[in-house]
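Report on one structure; see the data block that follows.
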């Protein structure tokens, strides 16, 4: 039975308006109604320019066979020391890929790169790029809870699929590569996926993947098993859009009611970096290959201006493992064909870039777009979903649009067992409903429709 959304809407709207007002200091920066889209765009572009990469850190990929002496010489040139290492070659099937070293240097980052980039023993060197969440604003005064799921109008038509008893399957997984998420939330706990190779709380790396007690996922920001720290509002909201439990008489319903969510936290607050993002994606790839989990998609509701070869390589590894990357198009009101945003602008068979539409079917004022670089649009304004402390809240951004598509991928996989990555992507894009506001704004010129999945 479909969750009784309309019965609880009035209480939800009133209660959350009060709750959100009390908690505004914990949310994303507000965009007041008096602030124009143009000024919002300018401030966000300035933030991206000012915070492009982490000072004092570079990522170096040495060529296979580079000697310890060579690496020592590079360290000396950079006046640096080793901080950490990426090991994609530890994933079965990717043994031929070399490791990448994270080096702390006292030399200014761009100068350091220029100093060593032509060394014959180096494949490439790049900054440790910064990425941001892509929520545009918190919206505490919404009046139509979950318009985004309804049939008719400009929702994703999920309620039609639910009516046809298409609600997902517990053997389908989606990775939330983001902040952590509140896997104990009353509307998420039933759909919280676990690593079957790990025994909870025994202090042992049971599956020998390098992470002790990574039962619900791993925190790559602080390198521990604390997936949810009480402030991970963004990841919790994203997770609920994908897979809040439906039909249970409480809270909200995700796109897919029955799914397993896995967490890979690489952001704290609104900030993460490329090194941790690569670790998070590789972690999901390894879970799929080693533990045989049917991970069909990773939701990446974040953006950055830096084009990282390391991140691009990780996304390609995900593609080889049959995992879709669902990427938020970004919130600068800009054309991604002209000013690239990552990871949305990477090219690959496994990437779907998602813009945001509002309840009236218009392209959201904050949403990026691109005839060649953005694939499809999905609901992204005033989206009600799970929040901190077993609460619910409305938020807006392409961060909210992307998880609708991630949920759609999971729903399709559940109704078409054995469907591959390319089939799932094609099904999502080919089902898009042509929408006037999206003509010339994205590849499909349309919005998400899962009614026939």
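Each residue, glycine too, has its Cβ placed from N, Cα and C.
Pulled from TrEMBL:
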DOMAIN    41-128  domain 'Fervidolysin-like N-terminal prodomain'
DOMAIN    170-432  domain 'Peptidase S8/S53'
ACT_SITE  178  active site, charge relay system
ACT_SITE  234  active site, charge relay system
ACT_SITE  399  active site, charge relay system
- residue 178 (active site, charge relay system): secondary structure state under DSSP, collapsed to three categories: strand
- Message: Treating G and I as helix alongside H, and B as strand alongside E, what does DSSP give for the domain 'Fervidolysin-like N-terminal prodomain' (41-128) in helix, strand and coil?
- Response: 32 helix, 30 strand, 26 coil
- Query: For residue 234 (active site, charge relay system), what is the tally of other C-beta atoms lying within 10 angstroms of its C-beta?
  - Reply: 28
- Item | Neighbour tally for residue 399 (active site, charge relay system), based on other Cβ positions within 10 Å of its Cβ | 32
- Message: Please report the three-state DSSP label of residue 399 (active site, charge relay system).
- Response: helix
